[in-house]
Amino acid sequence: MTEQVGSLAFGGKKDTARADSSVEQSERTPCGQTELSSCNRSTAPSTNQLDRDTRKARKSIRESSMNRFKTSKFKNTTPKIAKKDGWINNVRAGSFSCQGNHIKASSKLVAFNTEQAGGGMLGLSSLKPGSDGQWTVTQISCHSDLVTDMDFSPFDESLLATCSGDETVKLWRLCDPELQPPSSPELTLRPGQGRLELVLFHPTSSGLLAVGATKVPLIWDAGRQDTPLAVLEQHGDQLQSLSWKPDGSLLASSCKMVLFLKMLHCLFPQSAKSLQNNKDSRILWAKDDLLLTTGFDMVRQSFREARLWDSRKLSSSVGSASLGTSNGMLIPLFDEDTGLLVLAGKGDTAIDCFEVSASEPFFSQVSHCLTDTSTRGAAAVPKAALDVLSCEVMRVLQLTDGCIVPISYQVPRKNSNQEFHEDLYPDTVGTTPAMSAEEWWEGGNKQVNAPRSQPVFPASPAAFNLTLLPQDPARGCSTSSSPLSTPSSSAAASRSPSSASGLSSSFLPSPSPGPSPSARPIQSMLGQTSKLRHIQGAVMHRTTHITNLRGLNLTTPGESNGFCVNRQRVAVPLAISGGQIAICERSQPGRLPDTALPTIQNSVNVVDLSWDPFDPHRLAVAGDDAKIRVWQVPEGGLKETLTEPEVLLQGHTEKIYSIEFHPLASGILASSSYDLTVRLWNLEAEEQVKLLTGHQDQIFCMAWSPDGKLLATVCKDGKVRIYEPRKSTAPVQEGTGPEGHRGARVVWVCEGKYLLVSGFDSRSERRLSLYSAGSLSSGAIAATNIDTSPSTLIPFYDPDTSVVILTAKGDTRVHIYEIAAEEPYFMECSSFNSPEPHKGLAFLPKSECNVRDVEIAVGLMLTKTAVEPVAFRVPRVKKEFFQDDLYTDTAVCWEPALTAASWLSGSNGQHKKISLKPADMTPLSEAPKEAPVRKYLPSSVYLEEKTDEQKKDELLSAMVSKLGNMDDPLPQDSFEGVDEDEWDD
């Protein structure tokens, strides 16, 4: 098996003719090179031709000899490992099998793989410490599977692209780690090519990505979310690395198998055998037309080496460097401005630095750096963040198991802290894209403008404040209009190298021509964002927990929620013979005694259970004997075991699936069964009143509409049905439901005008689908995939905020979305992660929320041995005011609006509403307006500051005054001397 390095050229649709011509010429010449055609003629060369060739060869030898003795200004570049107080600690880096480098850096942020959540979370820290001199490290839940690769946008220091084993690419708008991390991506792409391994931003075009699946590279315009721009030729084996040429015209890839020369659309690939081994390899563009590869030698399979290739002639490498034996893959980091190449081996404690040249010697070793800990990953810091006044020409971040170690490469110079050495810093690329993805695809070849590297010495600290981006008070993020659009002139200036890193950067951008007129802002495609997107879930204090629960029944059917709660108590089925149910009083939290507790003995296994919403003492329990038992819990809780139910309902012929109380009428209960029927019961009359038919398979779930007129069901036969029970026993509407057959849930949303169905798609991914209640037959109007897991997501919907909270039995993550009746329909909010897998999550009425803490939902989470309250809060600054934009008048859902008899006779009603505002709180809408506060001190403050000379004179004067007056006599002057005559003795 052999590895391969390929160079794929892209010129867009307009370059098709040129690519065709290249293919025709390459078929007539070795290696597909038109330049070699003259070397393959059968005619003998003339004498003059031989003389010219001889002179040319001698000139080449002389130039090569001169280059061999040419002195490089980077030959003495010295690596300096930061002191331990300059390391980023509290890092839990994992060791994962993927093709990425595990860490990436922008001029402001650092993102890296962590071992938490199976690798689905990323660690995030700032490049510079906070005001206290410490680094804040936080985690972002990015994917449901391992994050395989990541890349920061070259045009936006806060935009990060990630790809994962869950087959998605996500774009994240990151903030300072000290602020609330983002809970949802700005954009999600689903290539549909299986596990994704690589993601890479284009160096000159905005919104353009190269994505590497297992064997297929893709080119994706993020503005076109539906399909990629191009799906390239499938590789013969695992795709291992991708690299854009700095001018954006070519894409290089490496894999383990040889690619065949083949025309695909307008793409013209070349291929070559690079490093003869089936181990991992990496590819990277170097200067001009040169390519760098790292890998292993074929004969000595643990012997690592780096090779240099001419992309115009890939038949053989032009130079190589050996790096000894090891099993760790070499990560190459190359700086085009200086030609420095840093090679860090995974698992190694040594990092090598070479200078790469286009002529002999191709590799010149600069340094060999030994670190304290082994390397898990490595990343180069952008030029904008370097300390140019210290002659820092490159900085590498070494990711280890517990920390990130900065290694600074500096060129020793005299007066390095006082002068800017222009010869070390040629013009480097800027941060404003040269063109849009559409322009590049149409054949554009514009280049990013290079800002001029010059020293910056601002007159005062206020000079830096003029270039800061405006901040979003909710998140502290930059308020750019789009994560992928071309920056505006002001934003581009603020993200220029000089403003990105302050004085240490010392780059001044040259005037920018402004954004490309064809660059489309992506915010219009992303739509509106939720004002609740920063919602935070938190487990309440331990004193509110009910602990020491023993013998819980953790095998209730998937159609059941597993347990149920109301404002006063919790009912939990136990795994004890006789179908026993524990009743816990919420007013008596704490540790339950080890002795046996009084329970409800249901006599048969519990299938589902539900509290009467209008009577906190009445509990309905469905058993596997096809009967429903209604129990009455006495005031104050159980004092003795209950063995006789208050009501016994019989009618179903097979085991019951689930039961559901009517939301408005007291005493009306619906039940679904294996006999494929839904029956309505009048608890007051203790009889069946309706029988609904039409289901062809197992009934997964049923839900009453908010007005109580309709009943919706979702079935294993792939159908969603709506019934009007008082008028017909057959469904009045029917539509296509989820494709998967593993389970589903349904809930009414948006004032009862839509149905939200939680289920699975054909690939067993968990999926949310939104249906119009008025036209089920038209199918889902919107859908979104959540993740991959075997458990069905159970939804809870808050009609006051249009927020749906979803989780499943055995999950640790709680997903939160705001549902809208128009695009984008699903607005993802921050998710909540529990410390351990929970067995269920049930919610309390809105009246249980503490509005002073801005709680919009309170639930009880069932674990293996405890019931823990969880509060979902919205971060707000002015919490002393009643947040009336969040708390609309809420329905009094704990009081019935109708009796069972009146509802059955055709009457309709609705709950009355109340305000949750406490009497001593002022609504936020009536809060007094605050006068704007100056963020920065006026310039007069800085102008009145004393100069260094004035401070020096004052310091000397103070020291002299402390020493005393120098004219005063010394103590020895007052001593008496010896008389002259005494010397004679």
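Residue positions begin at 1 at the first shown residue.
Cβ atoms here come from the backbone N, Cα and C positions, even for glycine.
Of the listed segments 122-145, 410-433, 962-985, TrEMBL assigns region 'Disordered' to 962-985.
Long-range contacts of the repeat 'WD' (692-724) within the same chain, counting only residues at least 6 positions beyond its ends with a Cβ under 8 Å from a Cβ of the stretch, are 559, 657-658, 660, 662-665, 670, 672-674, 676-680, 730-739, 741, 743-748, 751-752, 755, 757, 759, 771, 773, 776, 792, 799, 898, 903, 908-910. In the predicted model, the domain 'DUF1899' (525-590) shows an average pLDDT of 88. With DSSP classes pooled into helix, strand and coil, the tally for the domain 'DUF1899' (68-130) is 8 helix, 19 strand, 36 coil.
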